[in-house]
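Everything below concerns the one structure shown next.
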Amino acid sequence: MRNFGNSPAFVILGVFILSCVSHVRSDASDHRYKEGDPVPLYANKVGPFHNPSETYRYFDLPFCSPDHVKEKKEALGEVLNGDRLVSAPYKLNFREEKDSSVVCKKKLSKDEVVFFRKAVEKDYYFQMYYDDLPIWGFIGKVDKEGKADPSEYKYYLYKHIQFDVLYNKDRVIEISARMDPHLLVDLTEDKEVDAEFMYTVKWKETGTPFEKRMERYSMSSSLPHHLEIHWFSIINSCVTVLLLTGFLATILMRVLKNDFIKYGQDEEAADDQEETGWKYIHGDVFRFPKYKSLFAAALGSGTQLFTLTVFIFMLALVGVFYPYNRGALFTALVVIYALTSGIAGYVATSFYCQLEGTNWVRNLLLTGCLFCGPLFLTFCFLNTVAIAYSATAALPFGTIVVIVLIWTLVTSPLLVLGGIAGKNSRAEFQAPCRTTKYPREIPPLPWYRSAIPQMAMAGFLPFSAIYIELYYIFASVWGHRIYTIYSILFIVFIILLIVTAFITVALTYFQLAAEDHEWWWRSFLCGGSTGLFIYAYCLYYYYARSDMSGFMQTSFFFGYMACICYGFFLLLGTVGFRASLFFVRHIYRSIKCE
């Protein structure tokens, strides 16, 4: 892959990463105010607290709206994140206190009362941004005290909000919103109600420097008891890795040493005996797999996703994805995926040509569609669901056009350039043994040596090394918990790769020792099987650890998690195959093959 060292894609990628790094906290010089200056306050979205994907525009609920609702221009990542910022009805000028200031007086119609009551029943929350700091609050409450029958519940809408703002000299440091539990609008009955919406603003000075104002949002995931669980997860995983690698290394080294001694004896003695074990199939072990175009495409896509993951970790470790840096992760994923598509083209076509494939153009098309195709189909279905719900998760037409243009003008050309470079690399497949003309028959094997039991064995160990950390990632992506300990996540990712490589190598050895030479696809499937375990964990998380409900949230959760787990399947399958290929070449190079 040296051909890509000076390619425009990697130059652009480098510039993008540097710009991301330089952008971290770059807004530190832009937020200075004088007393009385207007500070931007945007209302973002509302939605059921337990359904993070199901969010709506703030003014979809019949709140008081300003005379002229001004929409904030948003970056690609913010739109993908479902953010739709509009000017809020509250005025919070710098260091200007207000006491029970009236926003508006409004007569709620019967339909609006029903609308609000359904929202309160579903635990609707709102989110706003004040000087780029997030604010949350619930829109109302349900009084269930002393009432066994749900028909007796009382539903209330909060009508007074208090903003407590901390400042340091001429900068905003912190903001929180509190609802007054005594000033309520009764929504229990289907009748018109008069509501007077008010707000209070209190300012207080603090010594916290502006550069540290985002730290309070990352503190929650760095609390001592959380860190203890994370470190327990790491130690548990490391012990698993050490035991596994030590066990496998001991067994494989001892077995291989005996094999090498046996196979390395003088040829006359060897001629008298019938060969057994993995040496017996040396003429078949490097026979190219069936469906070589699909195999090469899967390797290319897996390598691209591996590169994407490494770059995302690099950005995370230098601090680009600080809490509530709206849409930064989505922007990075789209841009880096587009710029690394050349890697997929190069790896797939070059490997396909090594396998003596002839139709490299079809292979390139397959590589381009292997991951993007299912992702696109899933997106089309889920976007249609979001449009039907009028949710903010529905992408505007303009954003879809931008993504299509990125795919057409960046991803596809780089994929083709990578494919041409791979075709012209003219590398030959390095096989230490010659392949015989006719394949040997594979002896009958017990059921537990078939593909599915082997995949179950291969996926369980890597999954057991990451499952504790999975809960925190799920609670962050599909909940409101903040995840900022990227260094621990990176260690867990490295452990996952090591365990996947070792378990796949061990299973490949046992497969060859049983004189089954069709190891190519098996090693890929065994490596990738952890992705299936993660998807099984999705079912457990949805039903046992979350309160998500409704068709939209369920389809978003299982639809996008299917795409993520499929990506992991390709990535870890590639790691498993590469490790097995290295191992198989090594053991057959160490013996005399005729």
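Cβ coordinates come from backbone N, Cα and C, glycine included.
Note that the structure is predicted; figures quoted are calculated from it, not measured.
What TrEMBL lists as signal peptide is 1-26.
Summarising the annotation, TrEMBL assigns transmembrane segment to 229-252 (among others). Sequence-distant contacts of the transmembrane segment (229-252) (same chain, six or more residues past either end, CB-CB distance under 8 Å): 461, 464-466, 468-469, 472, 485, 488, 491-492, 495, 498-499, 502-503, 505-506, 509.
Annotation comment: TrEMBL describes 294-322 (among others) as transmembrane segment.
Residues or ranges marked as transmembrane segment in TrEMBL: 328-352 (among others). Tertiary proximity for the transmembrane segment (328-352) is limited to same-chain residues at least six positions away from its ends with a CB under 8 Å from its CB atoms, namely 1, 3-4, 7, 9-10, 12-13, 16, 20, 75-77, 80-81, 292-293, 296-297, 299-301, 303-304, 307-308, 311-312, 315, 320-321, 360, 363-364, 366-368, 403, 406-407, 410-412, 414-423, 425, 427.
Residues of the same chain lying 6 or more positions beyond the ends of the transmembrane segment (364-389) and with a Cβ under 8 Å from any Cβ of it are 54, 293-294, 296-298, 300-301, 304-305, 341, 344-345, 348-349, 395, 400, 407, 411-412, 415-416, 419, 551-552, 555-556, 559-560, 562-563, 566-567, 570. Per TrEMBL, the feature transmembrane segment maps to 364-389 (among others).
Taken from TrEMBL, the feature transmembrane segment covers 395-417 (among others). Using a Cβ-Cβ cut-off under 8 Å and counting only residues 6 or more beyond its ends in the same chain, the transmembrane segment (395-417) has close neighbours at 7, 9, 76, 79-80, 334-335, 337-339, 341-342, 344-345, 364, 367-368, 372, 383, 386.
Residues or ranges marked as transmembrane segment by TrEMBL: 455-474 (among others).
Sequence annotations record features per position, and here TrEMBL assigns transmembrane segment to 486-512 (among others).
Per TrEMBL, transmembrane segment is recorded for 524-544 (among others).
Proximity of distant same-chain residues to the transmembrane segment (556-584), defined by a Cβ-Cβ separation under 8 Å and at least 6 residues beyond the stretch ends, is recorded for 53-54, 285-286, 298-299, 301-303, 305-306, 309, 370-371, 374-375, 378, 381-382, 385-386, 393, 458, 462, 478, 496-497, 500-502, 504-505, 508-509, 512, 519-520, 523-532, 534-535, 538, 542, 548. The transmembrane segment annotation in TrEMBL covers 556-584 (among others).
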Across 294-322, 486-512, 524-544, the most C-beta pairs under 8 Å with the transmembrane segment (455-474) come from 524-544
